[in-house]
Amino acid sequence: MWSPPATISLFLLLLLLGQTPPCRPQSLGTKKLRLVGPGSRPEEGRLEVLHQGQWGTVCDDDFALQEATVACRQLGFESALTWAHSAKYGQGEGPIWLDNVRCMGTENSLDQCASNGWGVSDCSHSEDVGVVCHPQRQRGYFSERVSNALGPQGQRLEEVRLKPILASAKRHSPVTEGAVEVRYEGHWRQVCDQSWTMNNSRVVCGMLGFPSQVPVNSLYYRKIWNLKMKDPKSRLKGLTSKNSFWIHRVDCLGTEPHLANCQVQVAPRRGKLQPACPGGMHAVVSCVAGPRFRSPKVKPWRKESRAEELKVRLRSGAQVGEGRVEVLVNRQWGTVCDHRWNLISASVLCRQLGFGSAREALFGAQLGQGLGPIHLSEVHCRGYEQTLSDCLALEGSQNGCQHENDAAVRCNIPDMGFQNQVRLAGGRSAEEGVVEVQVEVNGVLRWGTVCSDHWGLTEAMVACRQLGLGFANFAIKDTWYWQGTPEAREVVMSGVRCSGTELALQQCQKHGPVHCSHGTGRFSAGVSCTNSAPDLVMNAQLVQETAYLEDRPLSLLYCAHEENCLSQSADHMDWPYGHRRLLRFSSQIYNLGRADFRPKTGRHSWIWHQCHRHYHSIEVFTHYDLLTLNGSKVAEGHKASFCLEDTNCPTGLQRRYACANFGEQGVTVGCWDTYRHDIDCQWVDITDVGPGDYIFQVVVNPTNEVAESDFSNNMMRCRCKYDGQRVWLHNCHTGDSYRANAELSLEQEQRLRNNLI
């Protein structure tokens with residue numbers, strides 16, 4: 001019969017007596033762990049623990065699978081596969097915090113296990129333990145952030161910036177070249193250039209939002225440095241003699257998402273007895289901005305492959321540089337599974353898109369679920385790949401991934417200064433108010449308002465993104481109830497028209513001389529912003545499967561005629577004799593966003609339709625059109641929101657909206673609203689259409705009346721063949737499912753919807 005070891009028996013006895021076992025840390029579950037080492041896989045490495053503001057290692061004495069399991073669970077993984085002894089992942093530095101760790105396997109964190117106590121060890125770093133965790137994340141473990149691996153505030157390398165030295169660099173926005181400065185213990189320090197490498201530059205540039213780096217003219221900067229050191233009026237010589245001015249040494253692999261993940265030596269090993277940067281100068285870095293952040297005058301450092309650029313995109317992000325990851329495979333867009341998704345792979349993606357390194361890799365469809373195929377799973381990048389397609393990966397269908405596992409990312413982006421050129425005033429909260437912008441008027445920077453002529457949801461989206469507040473909830477044209485800043489009441493921007501991809505209102509088209517038909521005051525533009533928004537997508541497959549023709553007698557179409565659901569030629573028929581030929585189909589509209597889809601107006605504004613005896617909460621909810629192959633419209637229909645409700649929801653999700661008894665209308669996140677083929681107006685009247693090949697098009701929320709996180713997937717198109725008696729729909733897909741270009745401007749989409757081709 002097996003008997004428990006004496007240590008475990010003593011542990012259980014003390015628990016029964018209500019006493020704390022000896023040699024056990026008192027703060028339960030509060031310590032941070034991390035895995036470090038030469039490998040790039042997030043689930044394995046040398047085990048380190050943060051205690052008293054300093055990272056240290058764990059000795060391999062008594063360490064086994066149950067201790068590794070506790071550590072892996074604390075790190076957010078499902079379990080441990082194995083552990084590694086004798087510093088397999090390299091020898092660490094600093095203290096050996098834990099030795100003879102003994103866990104029962106049920107603890108929530110490693111510091112709840114028994115041990116010799118903090119810092120009590122007879123080990124050397126040649127005995128540092130490593131662990132290998134199962135790559136599957138725990139449910140509820142939502143992301144891998146840069147900050148997860150850093151120490152407490154004030155005791156780490158917190159921020160990095162470039163201090164421009166040359167006059168040309170000072171005029172440049174964003175700043176791409178200058179001396180590296182690091183914030184450490186609340187103070188800015190410069191980094192010694194001795195042993196500085198391009199790998200270090202790559203990490204710094206990535207943190208600042210730049211995808212790549214180029215060498216600098218070191219001889220020229222050394223000449224400037226020497227001149228300053230000889231200048232008697234310069235304080236530089238006195239400052240550089242102090243070790244507190246310097247970060248002594250940085251050594252990066254180039255794949256790290258943050259400088260603090262590199263080997264950093266703040267001061268020489270001998271401390272104050274040895275100068276921190278003898279004979280050296282500050283490290284200088286030159287970064288290359290991505291296409292979206294590059295001045296039109298600046299030419300790219302290397303020729304970029306347009307074809308590669310277009311094979312990845314981000315969707316449904318509230319800010320620039322964030323969103324659900326989608327890749328183009330076999331001309332079809334699909335998502336990436338979050339299994340093994342980490343900061344290194346996410347950084348490859350971010351750089352490919354023209355951003356810097358990743359600051360957060362998100363799991364569990366936190367930025368919305370996609371539709372269509374899941375192309376990739378278990379993506380494994382080493383960090384130097386040019387594109388995500390260069391990394392090792394499995395097909396998404398190989399390990400049972402669902403769209404609830406869709407991966408997302410938040411990338412570092414350059415500081416363009418745009419956020420300081422816009423503000424909101426007078427609102428009830430920080431997310432709403434009159435839009436005030438800073439522009440140059442006669443050579444002087446001035447704050448003022450924006451004329452509300454042509455102000456719409458697209459312009460409001462750009463304003464909210466510029467403010468860092470996410471999506472626009474409402475674009476407001478009449479703001480008399482909000483008092484703006486008294487000195488900024490004059491209109492300084494008018495005729496604003498945005499495509500939707502701009503980083504700031506100042507980049508949108510606008511009038512030269514300001515001209516506002518309403519003048520100043522109550523008609524200044526305003527916004528209401530939100531961090532989450534709905535996203536409606538039509539089920540293209542259902543439309544394709546349910547389409548058919550019906551010759552419907554006019555005697556059954558009085559209500560539909562009253563609601564303008566028939567072609568104009570129906571007005572001239574001999575009612576109630578005759579019939580109309582209808583192309584009927586079912587439509588199922590999913591809400592894949594992160595907020596419920598609600599009508600713009602409240603119930604007091606809904607319109608009662610006596611004939612069908614229901615309320616319309618949105619007067620035009622969808623457009624149904626039949627187009628020739630060159631885009632000319634030959635038949636049309638429109639669908640008011642017959643009843644905006646949760647027809648079906650996935651298991652475990654409660655239906656919240658129903659139209660019965662004048663109920664609340666809307667579509668809950670994750671649910672769908674179905675309009676069956678046999679209800680009125682669920683058709684296109686093709687009575688006057690001759691046989692031929694056509695395009696069948698459906699547009700949801702066609703006037704962008706309600707804000708969404710992504711309008712590019714609101715259009716669905718099918719190829720349609722009609723022989724005069726039968727109809728076939730095929731190749732049905734949402735508007736952005738097969739498109740090669742990553743971004744089609746909202747203006748271009750509007751032209752397509754209105755057939756202005």
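Numbering starts at 1 and runs along the chain as displayed.
The backbone N, Cα and C atoms fix where each Cβ goes, and this holds for glycine too.
Cβ environment of Cys123 (disulfide bond): Cys59, Asp60, Asp61, Ile96, Asp99 lie under 8 Å away, each six or more residues apart in the same chain. If you look up TrEMBL, you'll see Cys59-Cys123 (among others) marked as disulfide bond.
Positions annotated as disulfide bond by TrEMBL: Cys72-Cys133 (among others). Sequence-distant contacts of Cys72 (disulfide bond), defined as residues of its own chain at least six apart whose C-beta falls under 8 angstroms from its C-beta, comprise Glu43, Glu78, Ser79, Ala80, Val131, Cys133, His134.
TrEMBL lists Cys103-Cys113 (among others) with the feature disulfide bond.
Among the features that TrEMBL reports, disulfide bond is placed at Cys252-Cys262 (among others). The Cβ of Cys252 (disulfide bond) has 21 other Cβ atoms within 10 Å, all protein chains considered.
Counted within 10 Å of its Cβ, the other Cβ atoms near Cys401 (disulfide bond) come to 22, all protein chains included. The feature disulfide bond is assigned by TrEMBL to Cys337-Cys401 (among others).
The disulfide bond annotation in TrEMBL covers Cys350-Cys411 (among others).
Per TrEMBL, the feature disulfide bond maps to Cys381-Cys391 (among others).
The disulfide bond annotation in TrEMBL covers Cys498-Cys508 (among others). The Cβ of Cys498 (disulfide bond) has Thr458, Glu459, Met461, Val462, Leu505, Cys508, Gln509 as same-chain neighbours under 8 Å, each 6 or more residues away in sequence.
Among the features that TrEMBL reports, domain 'SRCR' is placed at 33-134 (among others). Helix, strand and coil counts from DSSP across the domain 'SRCR' (33-134) read 16 helix, 34 strand, 52 coil.
According to TrEMBL, the domain 'SRCR' annotation covers 160-288 (among others).
Residues or ranges marked as domain 'SRCR' in TrEMBL: 312-412 (among others).
Mean pLDDT of the predicted structure over the domain 'SRCR' (422-530): 89. The domain 'SRCR' annotation in TrEMBL covers 422-530 (among others).
For 1-25, the entry in TrEMBL reads signal peptide.
Listed stretches 33-134, 160-288, 422-530 were compared with the domain 'SRCR' (312-412); the greatest number of C-beta pairs under 8 angstroms is found for 160-288. Here the CA atom of Cys103 (disulfide bond) lies 35 Å from the CA atom of Cys252 (disulfide bond). Of the listed disulfide-bonded residues Cys133, Cys262, Cys337, Cys350, Cys381, the Cβ environment within 10 Å is emptiest of other Cβ atoms at Cys262.
Proximity of Cys391 (disulfide bond) to non-local residues of its own chain (separation of 6 or more, Cβ distance below 8 Å) is seen for Ser345, Val348, Val379, His380, Cys381, Arg382, Glu385, given in sequence order.
The CA atom of Cys113 (disulfide bond) is located 30 Å away from the CA atom of Cys262 (disulfide bond). Taken through DSSP, the domain 'SRCR' (312-412) splits into 20 helix, 39 strand, 42 coil. Here Cys337 (disulfide bond) is positioned 17 angstrom away from Cys350 (disulfide bond), judged by their C-alpha atoms.
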